[in-house]
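What follows is a single structure, written as structure tokens, with notes after it.
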Amino acid sequence: MKRIAVLTSGGDAPGMNAAVRAVVLKAISEGIEVFGINRGYAGMVEGDIFKLDAKRVENILSRGGTFLQSARYPEFAQLEGQLKGIEQLKKYGIEGVVVIGGDGSYHGAMRLTEHGFPAVGLPGTIDNDIVGTDYTIGFDTAVATATEALDKIQDTAFSHGRTFVVEVMGRNAGDIALWAGIASGADQIIVPEEEYDINEVVRKVKEGYESGEKSHHIIVLAEGVMGAEEFAAKMKEAGDTSDLRATNLGHVIRGGSPTARDRVLASWMGAHAVDLLKEGIGGVAVGIHNEQLVESPILGTAEEGALFSLTEDGKIIVNNPHKARLDFAELNRSLANLK
């Protein structure tokens, strides 16, 4: 393989730049030319492709976001979009692609491989909700950023004796809420993977204050449950009488310089993706399990260890959907000093 390309797709995540850098530098060391594709699959279809060299990536390791930029491009799910993208790849003599992103990005990588262009997926998302890996690129940084913000909210909550509902990202998974909640000493953590009773939430807040055990109260809420304002309103409807505030950390969690762990993880995965493409291997996703790199087929059966399967009507389904660690939810309950 003489020429490969790299793109970032879906939501940005700290560490994506580190992965791109690793792909470029590893490929150059193997005598392979590298091209960057701007704005993910949209840029592929539109031919927004350019040559990358060591100088272009020399100062991106510590930068958040993705210097290749990203975009959601549902049109690539259709055959017409795929063929247009492949036509552009052929113009540049590109023979393989590294795709950094989430589940939707993996689906695109799978389609490219089916059309004869080996593609390797790297898990890039702050939500940590991609199957086939223990941790995703960007998760560690997102947790660190959320924890820092929650520490500051703890300060003001204590100063005024207030209750805070703090919303963090996590549309389908509660990993950020659980990890940042435990790290910041949250009193309650509400995640999509676990049912909750709003009356119990309010009872714990009330009894914490009345017993004198609590002078303030922090509830960390994953966005996949509902928004902080709506949750706070439900608390009031259920009889909460505390001085209640709602806040949303929002996109702040996505930004910022990646942690050392995210940089190392992204670099390790990016270099390995080049090794796979050099061998002509595509249709796989790289992950980490028990601190070792692993590879999983993107499409196949659950028995084969594949991440996704196709139903008889052609619908893509996840074989083993990601679930946040609910033992961490139990851990937090044991530490919150609430009955």
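Each residue's number is its place along the chain shown, starting with 1.
For all residues, glycine too, the Cβ spot is worked out from N, Cα and C.
Feature list (source: Swiss-Prot):
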type     : residues                                                                                               : note
BINDING  : Gly11, Arg72, Tyr73, Gly102, Asp103, Gly104, Ser105                                                    : ATP binding site
BINDING  : Asp103                                                                                                 : Mg(2+) binding site
BINDING  : Thr125, Ile126, Asp127, Arg162, Met169, Gly170, Arg171, Glu223, Arg245, His251, Val252, Ile253, Arg254 : substrate binding site
ACT_SITE : Asp127                                                                                                 : active site, proton acceptor
BINDING  : Gly185, Ala186, Asp187, Lys214, Ser215, His216                                                         : ADP binding site
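Mapped onto this structure are the features recorded in Swiss-Prot.
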residue: Arg72; record: ATP binding site; Cβ contacts under 8 Å, 6 or more apart: Ser9, Gly10, Gly40, Gly104
residue: Asp103; record: ATP binding site; Cβ contacts under 8 Å, 6 or more apart: Ile130, Val131, Phe308, Val318
residue: Ser105; record: ATP binding site; Cβ contacts under 8 Å, 6 or more apart: Ser9, Gly10, Gly40, Tyr41, Val99, Gly121, Gly124
residue: Thr125; record: substrate binding site; Cβ contacts under 8 Å, 6 or more apart: Gly10, Gly11, Ala13, Gly101, Gly102, Thr136, Ile137, Gly138, Phe139
residue: Arg171; record: substrate binding site; Cβ contacts under 8 Å, 6 or more apart: Asp127, Glu223, Gly224
residue: Ala186; record: ADP binding site; Cβ contacts under 8 Å, 6 or more apart: Leu150, Val166, Ala180, Ile218, Ile219, Val220, Asn332, Ala336
residue: Ser215; record: ADP binding site; Cβ contacts under 8 Å, 6 or more apart: Phe158, Gly161, Tyr209
residue: His216; record: ADP binding site; Cβ contacts under 8 Å, 6 or more apart: Gln154, Ala157, Phe158, His160, Gly161, Arg162, Thr163, Phe164
residue: Arg254; record: substrate binding site; Cβ contacts under 8 Å, 6 or more apart: Gly11, Asp12, Ala13, Pro14, Gly64, Gly65, Ile126, Gly138, Ala142, Met169
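Around Asp187 (ADP binding site), taking its Cβ as the centre, 24 other Cβ atoms fall within 10 Å, counting all chains. Candidate binding-site residues: Gly11, Gly102, Gly185. Fewest other C-beta atoms within 10 angstroms, Gly185. Looking only at the binding-site residues Asp187, Lys214, Val252, the one with its C-alpha closest to Tyr73 (ATP binding site) is Val252. In the structure shown, the C-beta of Met169 has more C-beta neighbours within 10 angstroms than that of any other entry among the binding-site residues Met169, Val252. Taking every pair among Gly185, Ala186, Asp187, Lys214, Ser215, His216, the residues recorded as binding ADP, the greatest CA to CA distance is 14 Å. A count of other CB atoms within 10 A of each Cβ picks out Asp127 as the most crowded of the binding-site residues Gly104, Asp127, Lys214, Arg245. According to DSSP, Gly102 (ATP binding site) is assigned to coil rather than to any helix or strand.
Cα-Cα distance from Gly185 (ADP binding site) to Arg245 (substrate binding site): 18 Å (rounded to the nearest whole number). Taking the Cβ of Tyr73 (ATP binding site) as centre and 10 Å as the limit, one finds 22 other Cβ atoms among all the protein chains shown.
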